[in-house]
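In what follows, a structure is listed as structure tokens, so that the remarks can point back to it.
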Amino acid sequence: MVGRCKPASQKNQHVRSHVVMWHEVNESNEVTFEDGIKEHRKDAGRSREEIERLTVNEDLGDLERACLFLTANAHPLQQSCAIGKLHTNLKEYGAKAHETIFPIFTASLDGYSEFCQIQAAEALTSMLQDESLSKEAPDWFFPTAFHMIKSHRSPDVMHSWLGTMRALVPLIPQQMLKEDLLQLALAKAQGEETSQAHSVSCNIFGAIAPLLDGKLIMQTYLHKAMALCQDTDTEVRTCMCEQLDPISRSVGLNTFMIFVFPELNELLKDEEPVVQAAAIESLVRLLDFLPPDIRQTQVLPSLRSLCDEGSAAMHVTLARLLGDIIVKMVPDLLDDDAMLLLDAYKGLAQQSNEEVRQLCAYNFPAVLKTIGARKYSTLLHGTYIQYVQDASPIVRCTAAACFHEVAKILGKERTASYLKESFYSLLKDPALIVQSKLFNILPTIIGHFSVSNAQSKAATYTAMIPALVQADKSVSSTNQWRMQRCLLQAFPLLPEYFTSDQIYDNFVPICFRYMSDGVLPVKISAVLALAVFLRNNCKTQQRYEMSQRVVKEFGQGQSYWSRLLYIDFCESMLRVASSRMFKDNFLDSAINALQDPVPSIRMRACQTLNSLRTVIRLPDDVALLERINHLATQRLNDSNREVVAAARLASDNQKRVFILDRDSSYDHPSAQDEYEKMDKHREDEEWNMLSKEEQVHLLEGTLQLVRVSFKCTVKEEKRRMDDSLQRLKIESLRKSSADITSGRSSIGATSTSDSSSSNPSKKGSTSKGSVNGALKGIPRSGSIVRTKSQLLSSIPPGSAAGGAALPSSGSNSLSAKRGSLPIGQKLSPSSPGPTRKPPSVPSSAPSPIADGAPSKDQVPRRNSTKR
């Protein structure tokens with residue numbers, strides 16, 4: 001870092017630099033801050049006296065400092081600074097600032113430099129346009145301006161203060177106009193005064209004329225003003241030409257025809273081209289003041305002779321004003337007289353002077369509007385073709401800049417018929433300046449070729465494709481990124497006029513190329529254009545291919561700028577497409593951007609959090625919403641501060657929107673409801689864009705997916721039911737065998753009666769009954785081998801639909817539901833093990849479980865050992 005200047009003790013050592021480093025300054029004991037400041041001032045070429053004069057006490061207030069700086073002895077920089085602060089001081093302090101500053105300002109103004117005097121005039125003029133200032137401001141400024149125009153000044157200074165006086169005239173009282181300004185103008189109009197005094201008089205006569213009565217003007221200064229029209233100085237005559245319009249309107253038509261119009265005719269024939277040009281401009285401004293008969297009988301011949309016999313400088317002035325002349329005069333002229341003016345215009349359009357042709361091309365829309373679109377093909381079509389094919393790029397540029405105005409006047413049908421080839425020619429123009437003007441209005445131009453006939457419309461836009469592609473090739477090979485952006489800004493309008501195949505084949509590659517290779521403003525425009533192309537495409541296959549390419553090349557791109565651009569694409573897509581289209585194609589990659597390794601991408605992704613939440617539709621997208629909220633919470637604890645700030649801002653905005661959306665004090669529908677309506681409308685549009693075949697194909701594909709999914713679900717449920725049924729069979733038979741064995745053991749140990757012990761059938765019956773009582777609630781074997789539909793009907797619907805597995809064979813819940821024996825009761829050694837196949841029971845034989853079971857007092861229970 002460069003430090004202070006070299007101290008005085010080292011000034012004579014030329015081997016070292018005059019600038020030292022900070023560590024050198026700090027290490028030197030002889031260098032102080034004051035020494036550095038003084039040495040810096042000396043190196044800047046300021047003397048001690050000048051430094052003392054420029055030193056100002058910092059404790060001074062604004063008004064005191066302004067008074068100090070506005071004195072004649074102040075430095076010009078201080079004076080300029082104080083003049084620049086005049087507006088602020090007057091606005092803040094009002095009348096106090098006027099009383100304090102303006103006496104010093106007016107007294108010292110003569111001693112200022114020309115720059116400061118001009119700056120002061122411009123400052124007062126700008127303050128007069130500020131309505132927030134006091135209404136007394138014109139009265140404050142008038143003495144200063146009157147003082148400046150009263151004495152001789154340089155031309156630039158006088159011109160500036162005359163402009164200030166013209167701005168003051170409408171704001172000051174009539175008494176000041178008559179007693180001060182009028183008397184000053186009359187005094188300066190005397191013949192012995194200088195040409196500058198005569199110019200001041202002319203300006204005052206024209207400025208006060210609209211505010212005075214016509215009779216007063218005739219009595220006081222009309223004759224003096226007309227005498228100034230014949231002044232020997234060219235500047236005075238030119239200045240007087242500019243004042244004829246307000247004076248003529250004030251004195252009336254009769255007085256104008258008697259006194260003013262003869263002088264104006266003399267000025268039109270003046271030997272100085274500057275005076276002639278000023279007289280023509282004054283005459284054009286007076287055309288709407290004159291009646292049609294005077295325009296036809298007296299003005300038209302003069303203008304016609306000037307077009308035929310005027311000088312080259314006169315032709316430039318006429319070419320610049322001929323548009324206004326034709327607009328004001330042709331509606332009241334006969335066809336023959338109108339053709340005279342039109343022929344004069346065509347003659348000027350064929351001049352060898354490039355400036356004349358350029359001015360004629362500039363006025364072409366005004367001429368066309370006056371002549372009418374019906375006569376374009378016969379009267380003006382050839383002239384416009386001449387402008388488009390002119391050898392000068394400036395003329396072609398002007399023709400391109402007014403193309404949209406010409407097309408608007410002609411209408412769509414005539415535009416497609418007459419301007420089609422001209423448009424193609426301008427698109428392929430080799431001069432970039434011509435293409436630049438055309439690209440700026442390209443979005444407006446394209447729609448003017450949309451005729452009502454479908455076949456003609458398709459043919460016109462099909463023929464336009466090569467010209468647009470060629471224009472892109474010519475501009476893409478240059479560094480004119482503004483032209484590239486203008487061209488891409490017209491692309492979002494193309495789906496309305498071109499087919500999906502035409503856009504996909506010709507314009508989509510242009511968007512991808514600019515997204516990869518363009519500068520950032522061009523990339524943003526290309527992203528929006530591609531989003532519009534994708535949303536308005538009428539073929540599902542092309543939509544899919546564009547979506548996959550965007551996700552692969554940008555959403556999953558290797559470079560961070562491509563992933564960053566993908567977020568811009570998502571924002572554009574959310575603005576133009578429905579939430580369903582965005583969610584189906586781009587939402588996953590947009591969510592993944594929240595956990596990108598690059599902090600800039602995470603920060604940019606946090607800015608889209610609220611937009612991503614708008615595409616969520618509950619309850620279908622609960623998992624997506626949880627994922628977004630989880631990643632948003634992670635970003636609140638991110639290691640990067642900018643990412644945390646962006647995530648916190650998104651969270652605060654979401655809370656604010658949530659509160660406003662649910663505020664009952666609002667009568668209008670919530671923003672969410674409005675968004676859902678708009679989104680539903682977009683979704684319907686995207687569906688209706690597809691052809692009938694595409695819609696049928698999508699419906700068949702969706703139905704096929706549903707069928708496949710349903711088949712897979714049924715097969716899975718069937719397999720689960722088979723497994724559950726097999727487990728139930730094994731479990732029930734195992735427990736039946738264990739209960740039978742347990743019953744036999746209890747009967748063999750109990751000797752209650754001989755008859756029961758000698759009768760084996762009763763013994764078996766008793767054991768079976770005890771098993772039946774113990775297994776009360778377990779389904780019979782016949783019910784186990786029944787149909788699966790009965791088993792499905794016994795399972796709760798939520799379990800089958802949700803795909804939840806049934807309890808296993810070792811589950812306590814199944815035993816509790818079925819009412820089986822306690823777990824501690826074990827199987828007999830003769831009963832089959834869990835891996836052994838259960839014995840089959842004939843359906844004709846009586847089931848051992850089906851027999852009646854004895855009561856609890858007949859078959860006492862006892863605790864069994866654990867398995």
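Including glycine, each Cβ sits where the backbone N, Cα and C put it.
As annotated by TrEMBL, domain 'Phosphatase 2A Regulatory Subunit A helical' applies to 182-445. Taken from TrEMBL, the feature repeat 'HEAT' covers 260-298, 380-418. Per TrEMBL, the feature region 'Disordered' maps to 735-783, 795-867. Annotated compositional bias 'Low complexity' per TrEMBL: 745-770, 795-816, in sequence order. The compositional bias 'Pro residues' annotation in TrEMBL covers 831-841.
A Cβ distance under 8 Å defines the sequence-distant neighbours of the repeat 'HEAT' (260-298), meaning residues of its chain 6+ beyond its ends; these are 226, 229-230, 234, 237-238, 241-242, 244-245, 247-249, 251, 253, 306, 310-311, 313-314, 317-318, 321, 324-325, 328-329, 332-334, 337. With helix defined as DSSP H, G or I and strand as E or B, the repeat 'HEAT' (380-418) counts 33 helix, 0 strand, 6 coil.
Confidence across the domain 'Phosphatase 2A Regulatory Subunit A helical' (182-445), taken as the mean pLDDT and rounded to a whole number, stands at 92. Counting residues per DSSP class in helix, strand and coil order gives 29 helix, 0 strand, 10 coil for the repeat 'HEAT' (260-298).
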